[in-house]
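Once you've had a glance at the structure underneath, I'll fire off some questions.
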Amino acid sequence: MKLDKEKVKFSHFIPPIILLALVLNPLTESQEFLHEWLFMVSHYVLFIGGLLLSYKVIKGSTYWIIPSAFLVSFWHVPYFFALAGAFTFFRALNDFSLILAGILAGISASRLSLFSWLSLIIIWMLADTILSIVFLLEFPAYSNAVYKFSPYSESQEFNTAISMWIVMSAIIVYVFGKFLKELLF
């Protein structure tokens, strides 16, 4: 890994710190135990916050994307999702893991080809679309119908799916806008 000392400026860290502060605070954390949609949106924010912490500042192997993808996928397996939704210890592990996954993705990002970037975005869109459809269909494995300790009922899953689509749409617009800007200018 290589630290790009020219890019290490205080201003670089302001956006990720703001994003992380939005979800890593007692008010938001307490509401995440009640609202599944907020818990899911926090996953995006934690990952993006971690990514922005390391993106363009630390450059490393493209292979760091593999543990990054594993960490993100792990917390979306129904059992582990329910554990993190229900218990503070697992929530802390979830939050730390998603920030770390973002950092690892940011480290890999500088070395990925454009084709690799687009391929990863397409894979992410496909996986998240499938997961949001699972929520939309109110699949019981993500609720307290299967895991009694889960704080989330099946009725919350529709709102979770909608929030995922909103966040995915915003990210897609941003990424493809940035891609087109680089392509055209």
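Don't overthink the numbers, they just go from 1 along the chain as shown.
Cβ coordinates are placed from backbone N, Cα and C, and glycine is handled just like the others.
So TrEMBL lists these for the protein:
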TRANSMEM  40-58  transmembrane segment
TRANSMEM  70-90  transmembrane segment
TRANSMEM  121-142  transmembrane segment
TRANSMEM  162-180  transmembrane segment
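Walk me through the surroundings of each of these features.
Beyond the ends of the transmembrane segment (70-90), by six or more residues, the same chain brings 32-33, 36, 39, 43, 47, 97-98, 100-101, 104, 127, 131, 141-142, 144, 146-147, 149-152 to within a C-beta distance below 8 angstroms of the stretch.
Only residues 6 or more beyond the boundaries of the transmembrane segment (162-180), in the same chain, are considered here, and those with a CB under 8 A from a CB of the stretch are 37-38, 40-41, 44, 118, 121, 125, 128-129, 131-132, 135.
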